[in-house]
Amino acid sequence: MGAEARANIAVTIGDVNLGPGATAILGMNKVGSDFETQEKTIQRCKNELFVSEPRSVRAELINTKGSLTEGTCRWIRHNEIYRSWLDAQESGLLWISGRPGRGKTMLSIFLTREWESLPDHVLYVFCGDKSTSDEVTIMRSLLYQVLDQAPSMVNHVEDCLGTEERTKRTLSSRGDLWAMFTNMLKDPKLGPVLGLIDGLDECQRDSTRWLLNNLRQVFDKGSRSTLSPRNPFKLAIVSRDMVGLRSFPQLNLETKTDAIARDVYRVIDAKMKEHDLFSELDDGFIKEVKTALWDHSDGTFLWVGFAIQELLSVETKTEMRIALDAIPQDLGALYSKILLRIKGPMREKIAQLLRWVTLACHSLTVDQLAEALDVDAQTIVDLVAMSGSLLTLGRSIVWDTPTSRNVKPTFSMQWRNKGAMVKLVHASVGEFLKGEANNDILRTPEFRIEVEEMELHITQRCLSVLEASLSRSLVRDDISVNTLSSYATFSWPEHARRCGERLERLLDSDNAFVQRLLPLAQRMLRDTAWTGKQVDDLDYRGWTALCYALDRKHAAVAQLLVDHGASLTRDFEKQKWLGNTEGFKPIHKAMELGAEVAEPFLKKALEGISPNPLTRQPPFRSTALEHNLFRKAATLGDERLIRILIANGATLDSDVAQLALKDALEIRGGAALIELLLQQGASHRGLDPTMVLRHGAGPVYGQVKALLDDGMDPNSGSEGRPLLHWAVAGFGSEVAELLLDYGAHINAQDDYGKSALVVALAVNNMESAAMLLERGVDMTIKDKYGDNALHWAIKLRRPRGTELLLQHGMDVNIQDKDGRTALASVLENWDLSTAELLVEHGACIDGGGGRSNSLELGEDAGEYDIYIHPSSFLEAVWEGSVQTVRFLLRHGADANARVGVLDPTTPLRAAILNRHVDMVKALLEHGADPNRALRWSETPLYWNQGFDDEERAQITELLLQKGGRYGRGRMRRPTRLWDTFV
């Protein structure tokens, strides 16, 4: 058929008729198919990242700790620091800090609920849940939540979770996870994000350090590497004190005493209403109990919960009062009291249960703990009830568990718990038992946890369980998820890593499981031909087996690997802060184990370098490795490593010795190391002379002496401060005396004119201050602001320093540049103990604060008068400090001062209204008129009769003893117009 004929043919496709010459574009509609593929990709990525369901974790916390009490936490809505952070248009990090028991987690629960009404994406992680206790699981949880709320972000993760090998690496690489997260933050399609991490301080130290340093890239505006999210990213971190957070805006719960106190009272009220025992008591006693609990709680919610449990163990009012008085305010002392009260044959079982729950990698169920302790499940429940509320049962949670063979098994995925979990009521309980806090008051040694010993015990128990499983030829898929075997399968290596040096006992044990593993490893290294080639193979992290052996301090395993060809000098990298990496060699890790362990490895690394000078050496030999090892030895502060290197032929020239000296000084190397490096050609010249004193730690005396013996100028310094000032600021008197013995000027001043004596007083180093005074320092030196040592001691409230100065002859009436004496300053600040001290040494003062007359040093000042405004004196009476009032009365205060016009008041009337018996007694002893009437001519006895309390009889007796009368008394007419209005 010709072309012209074909062009005139009509074609019909389905319901469409195409005429001659028409064109059709054929294709298939795959929109629905693409959508389904995208949905599957998103779900797959979420499944891979899954650690735990945040809402379920929060719900379990509420179940364990109790629901939020009505009205609590609402104060934060109006807090200026919080509002400023929340309402800001740009990204920002807010640190909410507080001591244990301050209600931080409940506040986190409140905030995450509060934010759910906002349009922002809300992400939160509770680190108290052991499924998110390191940086990897925290990052995975955050990524999971982003995908859950913003599925379009899947394009930032799907490539990294592609192949099985790539997914395995990504899910265990904190660097890869962080990169995905920051890429999401920079995606303009994401939108505003609100995040919260609760209990970050409960994570491993290395994890928190890495996470905080990476967060600085996002939030620290002064950082060069700052990342700039395209969307506002606001993160709140709720934790105890953490050094890495101190540069960020802080909402310190310790300063919100009023708000916390009100919340504590609400919690007390709510918890007492929950128990029938309190409903049977009269309102007056209930109020008394609430007030006592509130007064003793010190704003600690956790303490309130324990205290109420204590009250529930008694019945009568008298027993309750006794119980309240006996409850320690310190949490550690309270835990110790609870443990002391646990008696009977189950005491040891409760101790074992506390150890397991404290150290377990993941929360364990009742059934798993029953198997661990070799008891039945009901016994575990009973032990929890007998623990004095230190343990609690969490409700059953069945996690929405994804299945993925690429995901590293975690507790959330492996333990589909159909039974209750046993948990500590608070993390501080575990810290107390491990001796991390209040170790001196744990008077129950059987409850103290020797961590490494218990980790060894748990490891052995886990291996015994696995051994039994192997004997039954079980495979992992056959192990029930609610048994100890399921926990042991994935957790025994972590417990083994925590054993420290006690791991040697495990390797030497006759445990069949271990004995099966060790021969296998030895045969692989000794007998298998291909092992030698593979001994230095890299894993997904880029490390060899030797890196891990030395990193985990397994010297014997490391030696075995080196004997079979593993390289000690190969270069590797490890993750550092801010997402950076740091290079290292395996030999570095061997040196970190100490000179004795490192010596054979150093000899191996330096093979070919002969210590014999008669041995011919190559004309051009690279010394880079030797120099590297010398500097590593210096940073470790161990001169024995330097000597081992030299003994094995390593060359230490003067330039490298100088660099090594700087390294040693920065890490507080010992005097022996400093002296050795100086002998090897290093010099003090070119060094910052204060380097050794700047950080205040380590064997400083020996270091300073070595540098002084090498010729360092004792009067040098840096940053405008002489060496002597640095010494008294950070150390005892020995280093300062050493500098003086070598010629340091005792009266040297810094750039602000301050002497070393003032610096010693400022840092409360009274030992150095006394030494300087004994050696004749000039106490009268004034700084650029006109203040001398005495004025600084007064300003800084250093009573011991003030006493030292006066004992060494300081003029007690010396004036500052404004003509004010020391006594004028302390009275202005109500520092009465110091004022008494100054008076004893002859201090004088006039009404303006300047010196109007003087006494010889040591002369009795007598009962001199100073002008004290009546209203100020009355305020002191109202505040209730009898000591303050007595001091003011001795020095001129008017006990009969009349303050006010419409409702005039005297100090005696204020004390009576305040129901302060001791104050009434003090005023009467200093001349207060017991019959002084005010506007309506009522006498003090008349005012006192208006009260019906136990103080009425005591005050009446005091007034009658001084001649007090009922009815009308004496009214003093004002002698000056001023007296009418003051």
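Glycine is no exception: its Cβ is also placed from the backbone N, Cα and C atoms.
A TrEMBL annotation is a machine prediction, not a hand-curated record.
Taken from TrEMBL, the feature domain 'Nephrocystin 3-like N-terminal' applies to 71-240. The feature repeat 'ANK' is assigned by TrEMBL to 719-751, 752-784, 785-817, 903-935.
Mean pLDDT for the domain 'Nephrocystin 3-like N-terminal' (71-240) in this predicted model: 87. Beyond its flanks by at least six residues, the repeat 'ANK' (719-751) meets 689-690, 693-696, 700-701, 704-705, 708, 759-760, 762-763, 765, 767-772, 775-778, 781, 783 of its own chain at Cβ-Cβ distances under 8 Å. Same-chain residues lying 6+ beyond the ends of the repeat 'ANK' (785-817) with a Cβ under 8 Å from its Cβ atoms: 752-755, 757-758, 761-762, 764, 766, 769-770, 773, 779, 823, 825-826, 831, 833-834, 837-838, 841-844, 850-851, 854-855, 857.
The repeat 'ANK' (785-817): residue composition by secondary structure is 16 helix, 0 strand, 17 coil, according to DSSP. Per DSSP, the secondary structure of the repeat 'ANK' (752-784) breaks down as 16 helix, 1 strand, 16 coil. With DSSP states grouped into helix (H, G, I), strand (E, B) and coil, the repeat 'ANK' (903-935) comes out at 16 helix, 2 strand, 15 coil. Counting residue by residue with DSSP, the repeat 'ANK' (719-751) contains 17 helix, 3 strand, 13 coil.
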